[in-house]
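Here the structure comes first, spelled out in structure tokens, and everything after it is commentary.
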Amino acid sequence: MAELHQTPTSLCCCRKSLPASGTRCVGDLGRPSASPGPGSPRCPLVDVASASNFRCFQLRHFHLDLRLNFAVKEMSGWLVLDLIPVQPGVHTLVLDSHPSLLIHSIDCKVPGSGQEEPVSLTYRVDLFTDYGSSLNISLPTAAVKPARLIQITVRYTTTDGPAIWWLDSELTCGQSRPLVFTQGHSVCNRSFFPCFDTPAVKSTYTATIRVPDGVTVLMSASRSSYSKQDRVFQFSMEFPVPSYLVALVAGDLQHVDVGPRSRVWAEPCLLSCAVKKLGGSVERWLGVAEELFGPYLWGRCDIVFLPPSFPIVAMENPCLTFIIASILESSEFLLIDVIHEIAHGWFGNAVTNATWEEMWLSEGLATYAQRRITTEAYGEAFTCLETAVRLDALHRQLRLLGDNNPVSKLQVKFEPGVNPSCLMNLFTYEKGFCFVAYLSKVCGDVSRFDCFLRDYISEFKFKSVIAQDLIDYFLNYFPDLRDAAVAQREGLEFERWLSGCGPPLYEPDLSAGGALTRPVQDLCELWRSSDVPDLQTVSAFDLSAWSTFQIVLFLDRMLDLAALPHDVMAGLSSSYASLFDGLNAEVQIRWLQLVVRNSFYPELPRVRAFLHKHTSRMYTVPLYDDLVAGVMKCVAVEIFNQTQRRLHPNLRRTLQQILFQTSAGQANQNGPPLSIVPPSPSTSPQPQPAAMTTTSTAGTTAAIALRDVNVSA
């Protein structure tokens, strides 16, 4: 097991910002405001999810030049890496790659050396894990010297790797033209281009993308241009980013500006709806975030809505957030998703977790920041309600997994070969949030903690950090807390927060949301009994006046109950089913899960209608999983046979795995890991083995990260 062994006062930060000073190895940084204690050991950063020798080189910049071929679903072209060796005697460059990448040739140039023609290099591809391979490139001995720039060009073609999703026209919203998008989180982009596929390494990049006529290309870049005559798009990301945040989408896309630095992109049939839903809110949310955490660093804050085949809810690609169009049905969930991705502009994108074993550094801080933004914009009661939904889900997950399961740690250690995406769960978000909320509480003043976060971003922007960086900076920022030994308070030790299993050691007070959550709990109590409650009493609760989050909290808590008697289900159906028909998919899927889990056949037509309408992973997998787990497997097979042609091949394989118990490798051989985002509050996955398992899980566990939470994946 690869671990970072750290003393409580050690400081390990992997690199400085680019391009001014380039990549730095762990321990190279000296910051008076966050320095380690005397004699503290420095440790090299180990990323067991990367096959690359990234610590041997400084990646200054890279350039992609690709031609998109929709007919054969391939991207072909080349990658140019600007590298500076930082250690003597290194004559091999090892990049993360993938078996789906076809490498044609590799060459090397040394700018300023008088060498005009590139030198062809030999290379070898070795198996690394089931999610990637290593590309081993032999470098010319005479050319490779510390601090001397070399340029490596890799010519290659992509095929069916997990990062690249080709959609036939029937799978798009408009069903008129094909579309392609990439999804790099967390270790998929090694099938998009050879790279140092670790969050520890950041660099700037540029790209040239050549496309057929009528195709619009977008990338996670700060600048772009288009030559209509040549059908070539040019992109430049002037701020350093890790490989997983390089993203591309190409298809029939149009835009509308919704603010001075924001525009909404979507297929033409979706655009007006998306613009109406967001309006001028994006600029408002950005303004609130800037007041709290300092300037937005990325220039643009655009959003592109993708078809239902997008495998997660949202992805915080810098300058261009990807969001699934299905979420447009629910204004409240859309609000939370967009604000969460905006928060990543500070936490996750500007300051990034250096290893996947500490994803909470991005997701926990972004969740805290999201809730600070919603508190300022919509009030404390709204934020407390949304938090109650998420913490309910966290405790639901704990009941399933057990308090001693290693996946409940904030610092999860895993064996080489384990896909980091398998460790993306609610603990990453909500236990991480609770730790950050605890740090805020011990400060005594939330505005004081806001100032700390502002300065934390200023100190570490465009760098990758580990937890000890945050903790050391916190203790040095608040010397009164350091002197009071706040990190060693009995029962709330920082080390226990990070390394301990089980529930959060502290949860924030949510009583400010009581006016919204108390009616929900009161209604649940009425329906908990084995007898049908008095319908006149029930009618006093007007769910048509409730918010989406209130109804979701009610249904989630009903789903937590043991099997409900038939007459209770009949009472729920007569009271609410018609109302739920007119509400969004977030409400409907929870009601239908309640129907399926309790084998309430009168509502089965609604289950059929829902699965015929919705083709996204987040709305199909949980229902299929429940259908198969109960007595309705034959119904699930029938619906699948009727709808499979409208499902993306990756989702089709997942559902086949659930329905027919095929092996995980067969079902997901061409798709990305399923657990990119944490569990849905309404999804009840089966307990999983410890984080050291090396294979994907099927069925119920495939639903662990499909809805209701925000990605950094």
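Glycine is no exception: its Cβ is also placed from the backbone N, Cα and C atoms.
What TrEMBL records for this protein:
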BINDING   His340, His344, Glu363  Zn(2+) binding site
ACT_SITE  Tyr429  active site, proton donor
DOMAIN    515-659  domain 'Peptidase M1 leukotriene A4 hydrolase/aminopeptidase C-terminal'
REGION    666-698  region 'Disordered'
COMPBIAS  675-688  compositional bias 'Pro residues'
COMPBIAS  689-698  compositional bias 'Low complexity'
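Distribution of TrEMBL features across the structure.
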| residue | record | Cβ within 10 Å |
| --- | --- | --- |
| His340 | Zn(2+) binding site | 27 |
| His344 | Zn(2+) binding site | 28 |
| Glu363 | Zn(2+) binding site | 33 |
| Tyr429 | active site, proton donor | 30 |
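Each residue contributes its Cα atom, and for His340 (Zn(2+) binding site) and the residue listed as 'active site, proton donor' those atoms are 11 Å apart.
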